[in-house]
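> Before anything else, here's the structure in question.
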Amino acid sequence: MKRSMYAGHVREEHIGRTIVLKGWVSRRRDLGGLIFIDLRDREGVMQLVINPEDVSGDVMATAERLRSEYVIEVEGSVEARQQANDKLATGAVELKVSGLTILNTAKTTPFEIKDGVEVSDDMRLRYRYLDLRRPEMLESFKLRAKTTHVIRNYLDNLGFIDVETPMLTKSTPEGARDYLVPSRISQGHFYALPQSPQITKQLLMNAGFDRYYQIVKCFRDEDLRGDRQPEFTQVDLETSFLSEQEIQDIVEGMIAKVMKDTKGIEVKLPFPRMAYDDAMNHYGSDKPDTRFDMLLQDLTDLVKEVDFKVFSEAQAVKAIVVKGHADDYSRKDIDKLTEFAKQFGAKGLAWLKVVDGAFTGPIAKFLTGVESKLTESLQLEHNDLVLFVADTLEVANNTLGTLRTRIAKELDMIDMSQFHFLWVVDWPMFEWSEEEERYMSAHHPFTLPTQESAHELEGDLAKVRAVAYDIVLNGYELGGGSLRINQKDMQERMFKALGFTKEEASDQFGFLLEAMEYGFPPHGGLAIGLDRLVMLLAGKDNIREVIAFPKNNKASDPMTQAPSLVSEKQLEELQLQIEHHD
């Protein structure tokens, strides 16, 4: 029989109609000779009533066989429920069953198929197809589908062309590790799965496509955390002849449309803009969460003369003030914060409390000479807790930035209903890598340097600034973009600054350099992490919740057991050998 509608769509206007529904048995209850079934499908739950006086013996016998997660087909008439269930969208009606067929049986599931059930992450991933049956999960994927639909329509209406770029591409240095794919035909050679379509989308601008977009899978072999996966999806854009501001305007309009159509929220445009240096100095992060205060305060000059070497000899002394919560933090609690701070390079954490206008704590005695200045500078009041880090400016910023976020979450200071977007601009072109002992691209080596700082490519790389911009939401980097280099001599200077020899640059990027000899237009773009955007829209804290079949923190899939060993025959075809090290 053909399904009449989804179970979750049945309403009072359908009373009196005979309909056919199909779905899963969510729950079965026997009560006073009647059998009640909660039938679940993609759109919700509908109560079925099977009365032995209204059905044949065969139907009743079939009903008695039903267990959770059996797949069934039912026919019956829609009737008003005697006692409505306000918790269900279908709660005013029920289906009086006249026909019932079991389409498939089910084993007892390893966990209940309902929201809020306590199950380990690996168990959920092992039985992901069951986990995805839960209404909460289904809603997240409807939201994801709606988001991509809005994005496609918005960009289509602005004249963007959806172009697919290669999944098998060339491995290039810089950035995260590539996932490599051995070639059977060109033995000893490897493709790489793309970390982004960066170069190919730039080449599309050289081809005259003018406005490109793609919702594309990307791959990075990097350490995982809650908002990272080895394969992820991004909304990728590239444009020709547009300024930094014009690109940002397009992206803001897209985000505003997504927010309105998926959440019913009107966001204020334009988004605020914050210089990279201001973000680091005031928030301790290049992706600041502006939903709460507790900004970093620079006290380096104020405490320079105090008789406390930790402060007086430090390159930077910075602090955050936890307003009105000193009594929430015992000495033991602060010790935990200190150990946390050490994970980010700090040697320790100095602190004081304000009690009835006086400083208390282990460093209070060293600050008597500057107590009034500190009180005025930090606007201190009774029951304030002040946390200090004295170290390099980088360590002080990073440590206090992470402490700021941790404490705000601990004290429930963040309004989780708010969506705070902003642009972080005026980025440094390079960042120093302690591991590599050299400067590396803060974004990628195709980013255009500012006209004012480009001369420093042959001088002090720390002074080179980029025409780059990141879009941030609630402390998460949603995406990043920039204007790109379109002239060969500038691109060669960039490669040289990064330590490439001419031969290395030609070997890795010769095709791009050659393309720049054929009228490459000025261009720029941006990529937004779709998984991360949907995660935040859905109010989740891990992108696994909005990816259908994600990997765990070991980059493996407990369901399929990927990655897995392959046969010797497959290895021989690729002329590969596996060396086992004890």
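Cβ atoms are placed via backbone N, Cα and C, with glycine included.
Note that the structure is predicted; figures quoted are calculated from it, not measured.
Okay, these came from Swiss-Prot:
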- E174, R220, H443, R484: L-aspartate binding site (BINDING)
- 198-201: region 'Aspartate' (REGION)
- R220, D221, E222, Q229, E477, G529, L530, D531, R532: ATP binding site (BINDING)
> In angstrom units, rounded to an integer, how far apart are the Cα atoms of R220 (L-aspartate binding site) and E477 (ATP binding site)?
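Here the two Cα atoms are 17 Å apart.
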> For the ATP site as recorded (R220, D221, E222, Q229, E477, G529, L530, D531, R532), determine the largest distance between any two Cα atoms, in Å, rounded to the nearest integer.
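The widest Cα-Cα gap among those binding residues is 19 Å.
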> Which residue counts does DSSP yield for the region 'Aspartate' (198-201) in the helix, strand and coil classes, in that order?
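Counts, helix then strand then coil: 4 helix, 0 strand, 0 coil.
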> If you count CB neighbours within 10 Å, which one among the binding-site residues E222, E477 has the smallest count?
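With the binding-site residues E222, E477, fewest surrounding Cβ atoms within 10 Å: E222.
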> Compute the C-alpha separation of H443 (L-aspartate binding site) from E477 (ATP binding site), stating it in Å without decimals.
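Approximately 13 Å lies between the Cα of H443 (L-aspartate binding site) and that of E477 (ATP binding site).
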> Can you tell me how many other Cβ atoms are located within 10 Å of the Cβ belonging to H443 (L-aspartate binding site)?
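Its Cβ shell of radius 10 Å holds 21 other Cβ atoms.
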> Whole-number Å distance between the CA of L530 (ATP binding site) and the CA of R484 (L-aspartate binding site)?
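About 22 Å separate the Cα atoms of these two residues.
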> Measuring Cα to Cα, how many Å separate E222 (ATP binding site) from R484 (L-aspartate binding site)?
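It is 25 Å, counting Cα to Cα.
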> Three states by DSSP: which one describes E477 (ATP binding site)?
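DSSP assigns E477 (ATP binding site) to strand.
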